[in-house]
Every structure is written in structure tokens, then in C-alpha cells.
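The following features are taken from Swiss-Prot:
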- GLY17, GLY18, GLY19, HIS20, ALA21, GLY22: FAD binding site (BINDING)
- 290-304: NAD(+) binding site (BINDING)
Amino acid sequence: MQDHHSTNESFDIVVIGGGHAGCEAAITSAKLGFSTALFTINLDRIAWQPCNPAVGGPAKSQLVHEVDALGGIIGKLADKTAIQKRILNASKGPAVWALRAQTDKREYSKKMIEILQNTDNLSLKEAMITELDIAKTEEIGLNSKKIVKKRIKGVRTFFGSYYSARSVIITAGTFLEGRIWIGNKSMSAGRSGEQAAKGLTKNLHEIGIKTERLKTGTPARVDKRSIIFDELDAQPSTAADKYFSFDPNIKNNMPQVSCHITRTTTKTHQLIRDNLHLTPIYGGFIDSKGPRYCPSIEDKIVKFADKESHQIFLEPEGINTPEIYVQGFSTGLPENIQLELLRTLPGLSECKMLRPAYAVEYDYIPATQLQTSLETKEIEYLFSAGQINGTTGYEEAAAQGLVAGVNATRKLNEKDPIIFTRESSYIGTMINDLITKDLKEPYRVLTSRSEYRLTLRGDNADRRLTPLGYQIGLIDEKRWWAYQEKMNLLEEEKLRLNNTRLKNTDEISKNIELDTGSKIKGSTTLKELLKRPNFHYSDLIKYNLTEKNLGSSIQEGVEIDIKYEGYLKRQKNNIEQINRQSCKSLPQEINYEKIDTLSLEARENLNKIKPKNFGDASKIPGVSKADLTALLVWLKIREIKKEKANIFVKKSYHLKSNPSEH
């Protein structure tokens, strides 16, 4: 780096990138009392939602709840700017319930900018960072071997300004040497309409940080005034009263709108097949890996060739914009074919395309180079968070940003880092996966990745993490008081239900038996009653068996705790068993493709590698602890079936060899 005696400003922490990871990191470090500068290429596009204008969904909503429970921002902003909310997987168990909010993307960005501008200790800077300044010192290690230690000193911008920093957090998203593709044409860009970050990748290589290349994409936006809504199924907002944030003061004043559903047709599929050679991937123009769980429409047609139709969602990007996001329809096809393709969908036969779909490839830092704190192993006081670590999604980015922000401040305070474990949070599950597995495709958090998913629910994220948020200093006294009040009410109610009995001779008991079809033998506690699958907390209210008017979140928490008490104990035992089974051999003849309790990714990778034992299987990318649990259960069932078959064979042989017994 050039001579930098002319320092523009000095900061405790510099954050590079103003996306969802960068905003959480910067706000976190500033709230904890450290002078922080957030650098971004475009101050008007802070916390932008360049892909779907939505927050939450399966596992992602659990992450948002966790970030909020710790004192982060994403949940509050999603609640304040939501224009539609739905509960996904509501017919399944609470482990996979997920809140998803359609947000007004411009309002979301606007409110984040307001928060940043009004956060003490935080400065916003529009500049492109191209160099990290590193100090090197030599130390004598074991066997008198010299060790070169590297430590961050500051950053330099494209135009030469220098800022000293005690710690740096890189949250560059898709901007590092980003290139967008439409068909066989490409241009340098971090995302559509914004320049890529140039120079920093080269500098990272020079200081010992490796990068690789990934790809993602986003679908076209169409003008809602050109859509024939009569041909579509409406999907209204059904959970406007549900919140990501545990803060009781968060409210939503946004109008609620509907999304709409359409489907691909045989004409859609044929048009894609006829033009596959024009896409960046199938045409061979790029070979970067895209996200497995958010495939392009051409990937869907190729990989699921037997499927006659795919569901497509039309999602509003905001209240005051005509733009509609065509969810599930990302593509790399040329622009003219994209429009033709869109017009094969019911309701879109006359649509006008406002923005074309495009693919974007970018440099990322494989997270195996990071410690659990998200500090790089190579350079002290240098942290990395968000999509640059190989993840995909605003929620994953926000969670990493908060972790990096917390641990950068703790490093400066010479305190131990906060380590999030798999059993404590989805945040811990994600970070553990990132730093231990050599991932070659964008990582998305999934409920199936967690072996503790019944414990790591969205509704109890505050119980798991708010005490930690308070200890760190991100939860204020008012919020802490509200949390303690909620915990007291929850525990008091569980105790009351355990101590209150009903006799089968009581009039209420007779009514309950009549309504539910389940007998009450002798007497039962309200807790035992609530354990029944066809009895809910709402029934306690119905039969006037409550004492206090408890909030819906407390009612839900009480019911889940009681109903799933046994499952939670069994889950814990399964995990302990897994940890003891690392040397258990795996028969080489197993066809993992036939084990449908495994994730698709796990089946594919296990079949390819054929591990010898559980220990080897646990090291394979894409094989989660949840997959190992499922595999262990499958092997047990297999062994029981074999034992039964052997007993049957022995009995048959015994009968044949003793004909006199007949």
C-alpha cells in the first residue's frame, strides 16, 4: 500500500458494504459504543432488496426472530414495512412454522437509512474500498520457527483516501468483481444499475485471503397495470397480526395487499427447451455454481422434466410502485425471449416487462477461512459477514452481520468472542455449516439442516437469546423488563396448568368429553388435557379454564412447551446418540437415494462419496446433523427388519425339520 501519512479519519470499526449484513454490523458496533464507519458504493441503496421483496420463510423466519431476540434490526423493519404476511407450513408441526412478510422495498431501505443516520457513533460514507492496510509482525513460535502475524490497520478508497481502523468487517455482498449476465451478454456490475467493487479481490489475494466464484439470479419485474388479474388466484394477507419482533411496541401501519399465483404452461417449457443454449450456464458462458434451493426456471425445466407445470408467484414490490416481482421465474435467457416467455403464463399474456431477469456472478470468501467468531484466521481484527461468505438471503446476511459486529467489538475490548452453537440457534447452525464444510454453492439456511429444530423454533427465540442480547448490551432496560414479565407469566401459567385438576364428574369435563370425543378417566390436570392432539389453549379459553388474559405469544408458547415435552426429550437423546456413533460403520451397498428422510443434497453427496462410517459422513458437504439423525433411525429400522426376517427364517427352518410336530 502507498504511503498513507495523510489519514482522513480514524475509526474503531470500518464496515465495507451497506447491505443487510453491513447495516446490522454497523448498528451493532455503534450501539456498543465504538466509533463506526459504514462505507458503501451508493448511499441511496442502503439495505436494498435486489431480489425478492420479502423477509422470512422456512428457517429464515427463525433467523429473523433470533436476530431480533439479540437486539438486531431486520425483524423490526420487516414488521414495519410489511404489506402482506402469511404463516407457511401452518398445517405441520411448530418446528417448521414460518412467518413470511412481503415488504415495501423502498420503505424498508428508507427506514434503514433513517436508523443509520440517527445512530450515535455511526458515520456513513459513499466510497469504494479497494485496499486493506495490514501490519505485519514476526514472532518466534514452536521449534524457534518464525511466525508472521497480520493485523488490520486501515482501508483505502478507489480515489486514494485513507481511513485508519482498529477492526474491519467486509460485507460486500455480490459486488466483488460482480458481473451480470443476460443471455450471452454481460457487463461489470454488483447488481443491475450499480457498479461492481473493483480492486479489493486482488488486494485480498495479496494479503492471503482466497476467493472463489458463485452465481445467483433474479427474475423480471412486470407492470401490474398490464396483468389480467381475473385469470389468477389471489393470495391475501392472512397473518398481519403476527410479528418477527418480540418488541411489544412495534406496529405496522402499511396497507395489506394480495399476491397472485400463476403457473407455467407446456408452451413455457417448450420455449425454454428451444433456447437453453442461449443461457449463460447451459450456453457455457459461465460455470459458477448457483443456489440449489432457488433454481432458475430453465434449471427447473431440465431437472424436473417430468413435471408438467411450476407454480409462479406475482409479488408487489411496494405500495407506490407498479412493479411486480415474478417469483420462481429467474432466468438467464436473452431479453426478447424473456418477454415471450412471460407472455406464456396465464394472466401475463399482455404483460409489459419493466426490468429483465439477469444472472450475477461474483467473488466470495470460502468461510472455511473464518473462525466461529467470523474473524478471518489469516488476519487479526478482519471479519467477514453475509453473502461474501457464500450464503444467499437477506436473513442469513443480517444474522452474520450482527455476529461480526458483536465479535469485532469484543475483540477490541479483549473479551472472548460470543460463539453461537448448533444447539442454541439457527445462527449457530449456519455458522458451523459455513466454517466446517467446503461449500461449492450458495448456502441457504433450512430447517432440515438443524438437528435441534423442535427446540429452535421462532416463537421461543427470545427465551433462548434475549438474556444473551441483554448481557452483550444490545437489549435495553425497557425491552428487558418486557421480556422478564413475559417469562414470569409463561412459567406461572405452566405451573397453574400442572396444578389444576378436573374430575370426570365435573360438568366442564362432560362437555369436553362430548366435544372432543376423548374420555377423562378419574381426573386429569389441565396440562395433561393440553397434551391431547385435539385440544388447544383456545379450548381452555372456550371452557373458561383460564385465569389471566394472556397474550397470544404466551398462549402459543405454553401449548407448544406442554404438547412437545416428550418429543424434545427424545430429540436430545437422539443427538447424544449421534455423537457416540461416529465410528459406526455404514454398509457400502446402501442406496441413499432411496432414503427419503434425507435431504436431496445429502442423498446426492452420500451416494457419490459412500462414506465408511458416521464420522466420515458428518464431514461431507450438504450432510447435516439432521441428516445423520435420520440415517441413524433408518439403520435402526433396517436392523429390526433384518432381525425379524432372521427369526422368521429360523422358525420356518425349525418347522420344516420337525414334520412330526404338524
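Placed from the backbone N, Cα and C atoms, the Cβ positions cover glycine too.
Model, not experiment: these values are computed from the prediction.
Within 10 Å of the C-beta atom of GLY19 (FAD binding site) sit 31 other C-beta atoms, taking all shown protein chains into account. Comparing Cβ neighbour counts within 10 Å across the binding-site residues ALA21, CYS294, VAL302, the minimum falls on VAL302. Counting every protein chain shown, the number of other Cβ atoms lying within 10 Å of the Cβ of SER296 (NAD(+) binding site) is 27. Excluding GLY17, GLY18, GLY19, HIS20, ALA21, GLY22, which define the FAD site, the same chain contributes VAL15, CYS23, GLU24, ALA25, THR40, ALA47, THR171, ALA172, GLY173, GLY386, ALA397, GLY401 within 8 Å (Cβ to the Cβ centroid), listed in sequence order. Counting only same-chain residues six or more apart in sequence, the Cβ atoms lying under 8 angstroms from the Cβ of ARG292 (NAD(+) binding site) belong to GLU441, PRO442, ARG444, GLU601.
Neighbour count (other Cβ atoms within 10 Å of the Cβ, all protein chains): 22 for GLU298 (NAD(+) binding site). Minimal Cβ crowding within 10 Å, among the binding-site residues HIS20, LYS300, is found at LYS300. It is 19 Å from the Cα atom of HIS20 (FAD binding site) to that of CYS294 (NAD(+) binding site). In this structure, the C-alpha atom of GLY290 (NAD(+) binding site) lies 20 angstrom from that of GLY19 (FAD binding site). Cα-Cα distance from GLY19 (FAD binding site) to SER296 (NAD(+) binding site): 23 Å (rounded to the nearest whole number). When Cα-Cα distances from ALA21 (FAD binding site) are compared across the binding-site residues SER296, LYS300, VAL302, PHE304, the shortest belongs to SER296.
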